[in-house]
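Annotated features, as they stand in TrEMBL:
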- 1-18: signal peptide (SIGNAL)
- 281-303: transmembrane segment (TRANSMEM)
- 339-367: transmembrane segment (TRANSMEM)
- 373-394: transmembrane segment (TRANSMEM)
- 406-428: transmembrane segment (TRANSMEM)
- 440-463: transmembrane segment (TRANSMEM)
- 492-523: transmembrane segment (TRANSMEM)
- 529-557: transmembrane segment (TRANSMEM)
- 564-588: transmembrane segment (TRANSMEM)
- 600-629: transmembrane segment (TRANSMEM)
Amino acid sequence: MALFAALLLASALIGTEAAISVPGVVPKVYGKNGDVAIEANKLMSTKTQTPYDYYTLPYCQSDVQERSENLGQRLAGDKLESSGYKARMQVPRACMILCQKDLSSKEARKFRNFIDDEYRVSLVLDTLPVTMTVQGEDEMEEPYSVRGYPVGFVDESSGHKRYYLYNHLRFTIYFNEDPAMYRPDLPGGESQAHVVGFEVVPISIKHQFDKRASGTVTADTVLETCNEMHHASNQLDTLLSIDGPTEVIFTYDLIWQRSDLHWTERWDVYLRSGPADNVHWFSIINSALVTVFLAAMVAMILIRALRRDILAYNEDDDDDSGWKLMHTEVFRPPTYGKVAFSVIVGTGIQVTLMIFATLAIAIFGIISPANRGYLVTSLLVFYAFMGTVAGYFSARTYKMFRGTNWRLTTVFTATAFPGFCFVCFFIVDMALAAQGSSAAVPALTWFTLIAMCFGVSVPLVFAGSYKGYREDLQELPCRVNLIARKIPEQPWYFHPVVVMACGGILPFAAVSVELFFLMSAIWLNQLYYIFGFLLMTMIILVITCAELSIVVCYFQLCSANHRWWWNSIVTPGASGLYVLAFSMWYYLQETDISEGVPSLIYFVYMILLSTCFFLVTGSSGYLATLAFVKAIFSSVKVD
């Protein structure tokens, strides 16, 4: 217990530190007066879950230059392009004019629709998303930061909706002058700096200017409502209404502020962006320790009971009762679903190793908010290269069952789960494409995914299967009778529905708190960063599934029921149903999703997540139970 607690603390500290100091990301140093790019990312909403390109709305067009994207960014619709906002290091600006737009009725209606759907604009500077400070619902709560700023807001105080557009942005850019970062090839000498913060205050203001001098606005136009002497602010009598066609002048301020914040700490504001941060830490620790304590208690009881049984059986060779009676039946293959069983085992191990490999590199900071798209890319790459493991274990399992349809087993192992994922992604992609979302996957990305599947994953599955079938049959401690023993009537609590209902609770309880924060990161646009805790939660989950399956198998064998194979999978695997039920509760209680397409996207992804959870927990339970059964029947004397 002490060792496990130490590992938990160490991994948590590693995960936290790695989230702050990112390997492979070199601090970018800017010389004084050097160009600092403010890039547009996307329009995002927790209400619709449908991201859009920044220029979907009629903002000021610039010479759009898109950055190259990795596979994960393309799948998430997370692209960066020039925004038109110009900034120079340590050069403040007041009321800079971006452009003038005459919104038509259609364009104004489009803005209003996005305001109704609670869309936020995501801008990025030096990989940092822009944040704005928000006061909690309780005035006693400290203000916290949220990513992006709203497109606008609605005022219903007059009894009907009035829409206002945020057209003036006051940027505050925090910088740190670190002499250790000095680069002789850049101008500015000791004034060289790197960016450590990026904040915005959005303002709605109907600008006024002298139209007698010029009917249109240029970069040199002096605005009466915003200049170096008169800063823009949200005033009731000057708000910019977009209830109909209107003239909009987009402007911005640049404020540069020195900060003592070190470059390696600049992500702290994002990682603490929420009022429930402390709840996260304490809940995770409490859940982990309680789960480990319960697992240790179960293991101690089980080991003591088995030791007593084995000693008793070995002292009295004539006593063929209890689980020893099953020595001629315990390794009888399942009567149905041998192919499906083998595919689940192989695919489950593949998914489990994919998750652990991804978390292993994540706790050292290779996957971080600064490395956009790396999480999805890593999952896909690790899944493809774990195909060898999937093929090997499915082949070994099917050969142990003495099955003859090995070609079908190999093909299903290579294609069943990827095919299910492709169907899910295709449904979501069609829904996003119908909405015109920037997250709709381009044809080239689909081609890349198909190439990874059939060019990497499938051949590796076949290679692993070939290796598995070529090896000798697994040695089992006991032989199987030709005629199956009749199973006596079982107690009511061994009914599969009861076993699944009770057995699925413990694995789900082990991850429920962490699952809540993961889903908040996915569906509420929050950052998830404590990969050390997530890794330990996964370890706890695997241990819990192993303990649970072993206990159920032990009592099942004591009841003279040798059909433990499928129970070893579905007992812990039933927790996937609890995950699905939890996702329904989360949908109703925590999200603002109400429309058809966002709901479809939500439930398709949650069904996929629940399936992955079933594969991980089911395969973990089976492997532990198989090792347990081999161990106990190797420890008794059988005539």
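Every residue gets a Cβ built from N, Cα and C, even glycine.
Bear in mind that TrEMBL entries carry predicted annotations, made automatically and left uncurated.
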Positions whose Cβ lies under 8 angstroms from the transmembrane segment (492-523), at least six residues beyond its ends:
46, 49, 280, 283-284, 287-288, 291, 294, 533-534, 537, 540-541, 544-545, 548, 552, 555-556, 559, 561, 567, 570-579, 582-583, 586, 590-591, 593, 602, 605, 617
What residues elsewhere in the chain lie close to the transmembrane segment (564-588), defined as a C-beta under 8 angstroms and at least 6 residues from its ends?
330, 333-334, 337, 341, 344-345, 496, 499-501, 503-508, 512, 515-516, 519, 523, 544-545, 548-549, 552-553, 556-557, 599, 602-603, 606-607, 609-611, 613-615, 617-622, 624-626, 629
Could you check whether the transmembrane segment (406-428) packs against the transmembrane segment (529-557) - three or more CB pairs closer than 8 Å, residues at least 6 apart in sequence?
no
Non-local residues, at least 6 beyond the ends, that sit with Cβ under 8 Å of the transmembrane segment (339-367):
11, 14-15, 17-19, 21-24, 374-375, 378-379, 382-383, 386-387, 389-395, 397-398, 401, 403, 405, 408-409, 412-413, 416-417, 531-532, 534-535, 538, 542, 565-566, 569, 612, 615-616, 618-620, 622-623
